[in-house]
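A.B. asks: This structure is in C-alpha cells; I'll ask about it shortly.
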Amino acid sequence: MTTLDHDHSDHGPAKGLSRWLFSTNHKDIGTLYLWFSLSMFFLGGLFAMVIRAELFQPGLQLVQPEFFNQMTTMHGLIMVFGAVMPAFVGLANWMIPLMIGAPDMALPRMNNLSFWILPFAFAMLVSTLFMEGGAPDFGWTFYAPLSTTYAPPSVTFFIFAVHIMGASSIMGAINVIATILNMRAPGMTWMKMPLFVWTWLITAFLLIAVMPVLAGVVTMMLMDIHFGTSFFSAAGGGSPLLFQHLFWFFGHPEVYIMILPAFGVVSAIIPAFARKKLFGYHSMVWATASIAVLSFIVWAHHMFTVGIPFAGELFFMASTMLIAVPTGVKVFNWVATMFHGSMTFETPMLFAIAFVVLFTIGGFSGLMLAVAPADFQYHDTYFVVAHFHYVLVPGAVFSIIAATYYWLPKWCGRMYNETLGKTHFWLSFIGVNVTFFPQHFIGLAGMPRRIPDYAVQFADFNMVSSIGAFFFGSSQLLFLFIIIHTIVAGKKAEAKPWEGAEGLEWTVPSPAPHHTFETPPDVK
Amino acid sequence: MSAEQTRQKNRNVVLYGIGTVVFMLLFVFFVLRPMYYLICEWTGITGSQFEASETKNLAIDENRAVKVQFLAMNNATMPWQFQPEQSQLTVKPGEVKQVYFYAKNNTTNDMVAQAVPSLSPFEATNYFIKTECFCFNSQPLAAGESVRMGLVFQIDPDLPAWVKTLSLTYTLFDITDSAGATAASFNRLALHNL
C-alpha cells in the first residue's frame, strides 16, 4: 500500500526553513495551510474593521468612498479564497490521511505546489492596495462592466491572482480525490468513511467542476480588458448579464464548497461529545450529495431582479427551496444525535452546537431570500449581508474553529486551556450575533449594501453592529493567543483526549508522528 | 495493492481531473455562453435582435393597430446628439414601415458608434421584424458630421393580442477605441452568437 520506497522511521522532518519550503508531508502542508488561513483571516478581519468603523456613524468619517469599496472587495475576496477555503484544505491535508489510514496524501509533490503558489497569489492581490488607482473596488462578485470597463488598472493583477488561486484549489481537489479513492486502508469501505472524508470528497468534485468556470470568467474579463473582445460589453454585442450567469454558475457551488466540509467537521464533533453514534449516517451522505447536485441548478436566485423570465423565477425559486430539504435532514440528524446523548460541553462542542443553531438561522434567511417576489425587496440590502455572514461566520468559520480545538491536541500533542477556550467561545458567540443580527433589521428597512454612508434612521443598529464587530474581531486575538499558548505551554495530551471520539486519527499518538500508517491499520 | 498499482491509479485520477478541468473550461466558452444567447433568442428576453430578415409578404391585419414608440439614449459618456425623427407611429401588423433616427457628432473628434436595440415588452421581440437597421453596423461620424439612420420594420400579425404598444429603445455606445474588434464580434453575432 505504501508508496514510499525507503524506511522513514529513522528520521523526522528536515530542519529549519527547508522543512516547510520543500515539505511533501501531509501534516506539514496541512499546518502551512492552516497558518496561512489564520493570517488571511486576520487580514480580511482588519479590512472588515475598517468597513465597520466607517459605518459606525452616518456620514463619511474615516475613509473615502473609493477606499471603502476597495475594503469591501478585498474583505470578501480574502475571506472566501484566503481564509475559509485554505482552512478546509489544511484540515483535509491533516485529517483525511489519518482518518482513512493512509500514510500521506496521494500526490505529495503536487500538494507542496498547491500550497506554495497561494502566498504568491495573495501577495499579488494585496499588493494592488498600493498601486496607482487602488485595489479592485467592484465587490467580491466583480460584476462586469464594473470589473472591466470601469475597473482600476490593478484588475489585471486580480485576474492573475484568481487564476493562481483556482489552480491551487484544483490541485488540492485532485489530490483529495486521489487520496480518498486510492489510499484507503483495507477494510475502509465507502460507508465506513468518516463524514468529514465524505463531505470533502464531494467538495473536491464541486471544486474541479466549478473552479474552471471561474477561470473562464476571469479569462473573458482579461480578454475584454486587453484584447478588444466584447464578452461582457453590450457595445460590442456581448452582454454584461452573461457575466452574472457565468459567475453565479461558479458562485453557487462555491458557497457549498465553503460549507460542506463544515458539515463534515460538525458531524465528527457532535457524536464525540454526545457520546452517541451519528444519527442517520447514510442520509447524511446522500444529503451532502444532493446538496452538491442541486447547487448547479439554483444560480439565478442571485439574479431575480435582473429581469429573467417569469418561468425562470419560478424554477429557480423552487429549486432553491428544494435545497432546504437535504439541509433540513442534516440539521435534524445533528439534533437527533444529541437527543438523549450524554452531552458534555467542551469548547469544540460549544462551537459545533452554535454552528447548528446559527447556521440554521442563516439557512432560514436564505429561504426568505429564495422567495422571488420578496427578494425584490431584499436584493442588495444588508439583509443579504446578514444572511451570508450567518452561514459563513458562525457557519464555516465556527466549524473551522471547532475543528481546531477538537484536533489541536492531535496536531501539537498538547491540550488547550479549557477555560480560555470557553471564554473565546462565549465572546465569539455574543460578538457574532451582536454584529450580524441587527443587519437583518436594517436590511429589511432598506439599507443598501456596499455603500459607505447611510440614512440617519439606520444609525443605531449600525452602531450596535459596529460595536459587535470590534468585539468579535478582538476576541479572535484570544484565539491566536490560545493556539500559541497551547503549542508552547499546553498540558501534554493523550492519544485520545476526548472520551467519546471515534476514528482512526485517535489511534496514533499525540502529537501525530511525522509518518503515520506506513503499515495500514486494521479497520473494524 | 502494490505501490505501483496505487501510483497508476493516482495517475489516472490526475488525468481524469485535468480532463474535467479542460472540459469545464471549454464548456464555459463553447456551451454556456452560446446557450445564454440561444435562450435569449428563443425567449426574446433581452429585446435585442441584430439579425436582418427578409421582407416577408404578410397579410396586413386591417383591424388591428399597434402603437410603436421610439426612444434614443446615449450610454454613459457618449456625447452625440441622438434622437428619433418621430417619437411614435401607429402600425398595422404586416405593414412595412420605414423610420429615421438622427445622429450628430458634436465633438471635435472623429468617432464610431454602435446602437444596441431593446424592445419592450420582450415577448414581442421575435415578432418585430427588422429588414434594415442602423444597429446592424457600427456608425462612424467625422467631427461635426450628422446622419439620418434608417430602420425598416414589419410586425408579424402573430404578435400576441395583448400587446398594444411597443417601445423600441436604441442605446448608442461609443466604440471609437475598439472599432475594429467590435465589428468582428458583430459579425459573430450575425451567426447566432455561436
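Placed from the backbone N, Cα and C atoms, the Cβ positions cover glycine too.
According to TrEMBL:
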type	residues	note
DOMAIN	A:20-524	domain 'Cytochrome oxidase subunit I profile'
TRANSMEM	A:32-53	transmembrane segment
TRANSMEM	A:73-94	transmembrane segment
TRANSMEM	A:115-135	transmembrane segment
TRANSMEM	A:155-183	transmembrane segment
TRANSMEM	A:195-223	transmembrane segment
TRANSMEM	A:255-274	transmembrane segment
TRANSMEM	A:286-308	transmembrane segment
TRANSMEM	A:314-336	transmembrane segment
TRANSMEM	A:348-372	transmembrane segment
TRANSMEM	A:384-408	transmembrane segment
TRANSMEM	A:429-447	transmembrane segment
TRANSMEM	A:467-488	transmembrane segment
A.B. asks: Between A:115-135, A:348-372, A:384-408, A:429-447, A:467-488, who has the most Cβ pairs under 8 Å to the transmembrane segment (A:286-308)?
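C.D. replies: It is A:348-372 that shares the most Cβ pairs under 8 Å with the transmembrane segment (A:286-308).
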A.B. asks: Cβ pairs under 8 Å only, please: of the recorded stretches A:155-183, A:348-372, A:384-408, A:429-447, which one is richest in them relative to the transmembrane segment (A:255-274)?
C.D. replies: A:384-408
A.B. asks: Taking a Cβ cut-off under 8 Å, which residues six or more beyond the ends of the transmembrane segment (A:115-135) line up next to it in the same chain?
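C.D. replies: Long-range Cβ neighbours of the transmembrane segment (A:115-135): 21, 29, 32-33, 36, 40, 43, 66-67, 70, 73-74, 77-78, 82, 86, 152-154, 157-158, 160-162, 164-165, 167-168.
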A.B. asks: The transmembrane segment (A:429-447): which same-chain residues, six or more beyond its ends, come within Cβ distance under 8 Å?
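C.D. replies: The answer is 52, 350, 354, 358, 365, 377-378, 381-386, 389-390, 393-394, 398, 454-455, 457-458, 461-462, 464-465, 467-469, 471-473, 475.
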